[in-house]
């Protein structure tokens with residue numbers, strides 16, 4: 001590295017002080033990712049014994065930090081809020097838990113049907129995860145259990161493989177999420193932008209509605225993409241049942257009206273100005289609207305009970321009741337057996353399907369589904385965090401352990417639910433303890449209410465799903481995205497249409513791929529501010545300021561622009577490196593060629609405010625004519641020396 005002679009000693013002293021004890025200067029020169037930071041100077045060589053001793057010491061110190069009170073309370077958040085838990089908190093959580101439980105029971109059965117699994121499997125995944133999240137969760141508004149998005153992903157992943165594969169998928173989902181939390185891969189959700197998330201959610205909502213049309217009109221249909229569903233529905237549309245259609249439409253209308261009732265208030269808007277009558281009426285309407293799913297299920301089940309008993313049908317038989325609409329049918333009573341997921345199964349012909357073959361049959365969804373479930377949970381946490389940071393690693397661990405626990409009770413994958421989270425927040429929840437009461441309510445339903453679940457019409461469950469997901473179509477975000485940055489619509493719309501016409505995991509990967517392409521493009525095409533400045537001696541020069549680090553995708557682009565502008569204006573060039581916090585070997589080689597080109601033309605090229613870590617990278621290739629400076633007044637001396645050298649060269653060439 002070449003520095004001005006007048007300031008060489010002063011610069012060396014300043015670097016030595018920085019290395020010894022000046023933390024402020026050190027932080028100033030190490031902005032950005034540590035991947036680009038390299039210590040200047042030689043490191044002492046260590047033998048194998050010293051390296052092993054250093055590794056064991058590091059491992060010992062890390063193991064001690066794992067068992068500190070701070071780490072334990074961080075991984076068991078219940079220890080943070082339980083010491084201050086009050087009676088008022090208990091009452092608030094109890095009311096919220098009952099409210100969520102009454103919503104969870106019909107929703108879990110409906111979502112299980114959406115996943116192509118028996119209704120009881122949704123109930124099995126609605127109590128263990130809720131109980132575990134009480135101890136592991138960080139967000140009080142997150143109720144663990146089946147959700148619309150994860151259920152549709154489960155359906156597309158299993159392709160009708162059955163409950164055994166659903167339980168294995170739940171276990172693998174939990175294991176993958178837990179491993180991601182252990183190795184700190186929670187940052188992966190940052191690669192899914194808001195437009196991609198909105199496009200995926202909107203496409204899923206449309207797919208869910210399309211998948212429920214078959215139960216809404218009483219026909220048989222299947223398919224994983226929108227086109228497949230439309231073709232399948234059109235083939236069997238002639239066999240639609242008027243009873244299912246009318247019952248489903250009525251249920252949807254009632255649910256939407258009750259939902260509207262929950263949002264409506266009478267009297268003054270200010271609660272302090274409302275009378276007791278106004279408060280009682282508003283609270284009653286909110287409760288009725290909140291329990292809309294349970295109300296629809298209870299009323300429609302009673303209608304099914306009246307129809308079936310009037311025909312004298314034997315509900316213990318496997319025959320379909322002779323009534324105008326389809327019902328859920330027999331559901332096993334009692335809690336599921338505690339059992340490990342099956343890692344191998346035996347076919348009817350006596351052959352055995354091993355674990356790896358089962359995973360192969362599940363396909364790529366076993367990787368995509370855990371990430372989608374995490375995104376849903378993290379989005380809920382961010383929505384209700386009130387500006388506080390969200391610990392994605394802890395949520396990964398909590399969701400993973402909940403899914404692992406659910407798999408021991410024959411459940412399928414679950415996560416946090418947007419619709420139930422809104423109910424939880426509006427119910428006055430205080431802590432994650434509400435999951436305990438919601439889980440107990442599901443257990444009570446499994447123990448004592450399963451005989452009555454026989455009479456629930458399938459059209460009513462389809463209506464519950466449709467009425468819940470139609471509000472997931474995020475049409476309102478299109479205009480703000482268009483006003484903010486039009487190019488962000490490209491990955492969002494691409495994800496939306498790709499998820500409709502292709503398998504969901506492919507659609508998500510396309511959206512993520514477009515995001516990465518956008519990131520790489522901006523990394524490869526940094527913005528350069530090019531200005532003509534003048535020194536105090538009246539020398540004009542070109543100041544080029546890149547806005548980011550120099551790595552192999554961008555360095556050739558920067559070099560070409562610098563060369564083009566320097567040849568066009570025939571001025572000395574100063575590259576302001578204030579924003580360059582890192583570089584690589586490719587960048588160093590290009591800088592070497594750039595300095596050689598300027599030296600051959602006799603044109604000045606200086607580097608301003610280049611960080612020592614980057615200087616070390618550039619000096620690794622030993623470039624000639626590589627000159628840096630750190631103070632504005634040094635530039636005058638550099639130009640004076642350059643002019644003097646240029647005059648000497650001109651005189652020598654003239655002689």
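For all residues, glycine too, the Cβ spot is worked out from N, Cα and C.
According to TrEMBL, the protein has these features:
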TRANSMEM  164-185  transmembrane segment
TRANSMEM  191-210  transmembrane segment
TRANSMEM  217-234  transmembrane segment
TRANSMEM  246-264  transmembrane segment
TRANSMEM  285-308  transmembrane segment
TRANSMEM  353-375  transmembrane segment
TRANSMEM  436-454  transmembrane segment
TRANSMEM  460-478  transmembrane segment
TRANSMEM  490-521  transmembrane segment
DOMAIN    550-619  domain 'STAS'
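Touching of the transmembrane segment (353-375) and the transmembrane segment (217-234) is ruled out by the presence of fewer than three CB pairs under 8 A, sequence neighbours closer than 6 excluded.
Secondary structure of the domain 'STAS' (550-619) per DSSP (helix as H, G, I; strand as E, B; remaining residues coil): 43 helix, 10 strand, 17 coil. Segment contact holds for the transmembrane segment (490-521) and the transmembrane segment (217-234), given three or more CB pairs below 8 angstroms at sequence separation of 6 or more. Between the transmembrane segment (191-210) and the transmembrane segment (285-308) there are fewer than 3 Cβ pairs closer than 8 Å, counting only residues 6 or more apart in sequence, so the two stretches are not in contact. Against the transmembrane segment (246-264), the recorded stretches 164-185, 217-234, 285-308, 460-478 differ in Cβ pairs under 8 Å, and the greatest number is found for 285-308. Highest Cβ pair count under 8 Å relative to the transmembrane segment (436-454), across stretches 164-185, 217-234, 285-308, 460-478: 285-308.
If one looks beyond the transmembrane segment (217-234) by at least 6 residues along the same chain, the residues whose Cβ comes under 8 Å of a Cβ in the stretch are 155-156, 159-160, 206-207, 210-211, 240-241, 243-245, 248, 325-326, 458-459, 500-504.
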